[in-house]
Amino acid sequence: MAELVGPLRKQLADSLSSCRVLVVGAGGIGCELLKNLVLTGFKNIEVIDLDTIDVSNLNRQFLFQKKHVGKSKAQVAKESVLRFCPSANITAYHDSIMNPDYNVEFFRNFQLVMNALDNRAARNHVNRMCLAADIPLIESGTAGYLGQVTVIKKGQTECYECQPKPTQKTFPGCTIRNTPSEPIHCIVWAKYLFNQLFGEEDADQEVSPDTADPEAAWNPADAAARATASDQDGDIKRVSTKEWARSTGYDPIKLFNKVSALSQTSPYLFKDDIMYLLTMDKLWKKRKAPLPLEWEEINQLGSQEQVIGSGLKDQQVLGVQGYAQLFQHSVETLRSQLKEKGDGAELVWDKDDPPAMDFVTAASNLRMNVFSMNMKSRFDVKSMAGNIIPAIATTNAVIAGLIVLEALKILNSDFEQCRTIFLNKQPNPRKKLLVPCALDPPNASCYVCASKPEVTVKLNVHKTMVQALQDKILKEKFGMVAPDVQIEDGKGTILISSEEGETEANNNKFLSDFGIRNGSRLQADDFLQDYTLLVNVIHSEELEKDVEFEVVGDAPDKAPAPSAPEEGKNIANGNKDSAQPSTSSKAAVEDDDVLLVDSDEEPSSSTMDTESSNRKRKHHDAETDDASSKRKRLDQQPADDDDEDIIALD
């Protein structure tokens, strides 16, 4: 009979006490995980998290208290755990896991790595570091009632990046400024307006009508002419929005009536700005034209205003007059905050700062009204503006428990028993909330864990700069941290160097300036990640508007056409206003893979052939997943399009 130490066999208990574990993230899942680890018998734990504790964390991250607000999550989590398990050996790092100090050798110090992260970039990085160090990684995520845990092992399972994930949703500037069609467009505009008035000004966050919008011009020459007209007509003196606001003493009524600050006789925010947009009549051939607002008319509404909805104040939708008054009150409060900070001070928008949140709520709803959209409650605006998806403490607790169970299998040398486990919102037809699935084998075409990672990128070599190649393609798209790029031209030309000062002069040059053309090959190396990627360049002058590059086949999955995932992804973003989930966070969504199945255990998806495409649905990464984009089994009833189907990884 096996000797037991508590509920565990002695051999396994000894393994727990001697093994070193790295926990990446000390938030919702991380707090539960640290507690579970020490209570299970793990002694040597290192935890890293760059974040500090926020008031909004306290309802579910139980290791933190109000007195800890503003302090390091990792450090406070360590101190809290040691209070009920002083024998544990815990090291805390208040730092980013992407810091070069945490290199492959650092990862090789551990027998297990456990992710409790909330963003894709860090997940990608840890995935690559564990592959390079050949250390098992237990990946996890939650969103509302949904959750998942999976195990990643080099050469035996899919890595985190084996399956393609939809890119983060962004919006063209002309859509935000000229033709908003969804509430999120108005919310983004309102956040831009906050920065233009009270924060750090950014030329990319302009809120006035985009006179150079190509769609508004009858021919391309008109767009160019409009773009320069305001600088050429007469002695117009251009002033910034903030300068004009200061000159008025941040008068709320004047701010309501004026925003674009194209001149000292600037257009009005909800009236003349809109009147100007109406002169760009080509925009409204197939769209409903906006309806200008005027402060005096709104104040005449009086008792006609109604509040929509009942219950908590934040969940009520006010009328136009209510939001106009909220706009006035928030501006007065923000003006006082600026005055207290002194000359030259700036405010930073924070979803947890009531006046800042009130301002964005009011301004965005007034703009929604102008463009004939259903207005939103403060709760809904906050959900979208702050990319917030409600987190549930019990879901985090369940997922953290599953992480430890998978860890025990690995330490007990039972890797073949490891599973990807999904926590569903409702029981499946077999009345199961927790559904285990066999781990998938590596994807042979994965651009991360394949034996020779390779991708093909379509771009315009005459318009793509080296800086864009580095930042948008290699870092943002392919998750590199510090890439070095060499052109395979027989001479070994260095295009990008991670060493500071070596190739900065190349940044503002076009790829064609270095002889890169259709068919050129680039070798990109990230020595921190011990990762090499071969990039095949396809030159194209026919990319869609606002698209700088395309990954052919949407690597690593080369089967679907590029337009297919785009169509699915845009279902929700193109919804009519009335069809949108009340807490939908459509601004910036990231995605994580989750399988919704209806059997006690499913085989590896790689053995399902065509059926797999109907069985898989995407369980989105952060803080944000779109219910309407999820693929369901053909024989399955449609799931409710519910708020909690939005995915945030906590």
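Cβ atoms are placed via backbone N, Cα and C, with glycine included.
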Listed as phosphoserine by Swiss-Prot, one of Ser96, Ser330, Ser377, Ser599: Ser599
Taking just the CA atoms, what is the gap between Cys446 (Zn(2+) binding site) and Lys282 (SUMO cross-link) in Å? 45
Could you round the CA separation between Lys282 (SUMO cross-link) and Cys162 (Zn(2+) binding site) to a whole angstrom and send it over? 44
Counting other Cβ atoms within 10 Å of each residue's Cβ, which of the recorded sites Lys191, Lys282, Lys286 comes out lowest? Lys286
How far is it from Lys191 (SUMO cross-link) to Cys159 (Zn(2+) binding site), counting Cα to Cα, in Å? 37
Between the C-alpha atoms of Cys174 (active site, glycyl thioester intermediate) and Lys286 (SUMO cross-link), the distance in angstrom, to the nearest integer, is 16
Cβ-Cβ neighbours of Cys449 (Zn(2+) binding site) (radius 10 Å): 23
Where does Cys174 (active site, glycyl thioester intermediate) sit in the DSSP three-state scheme? helix
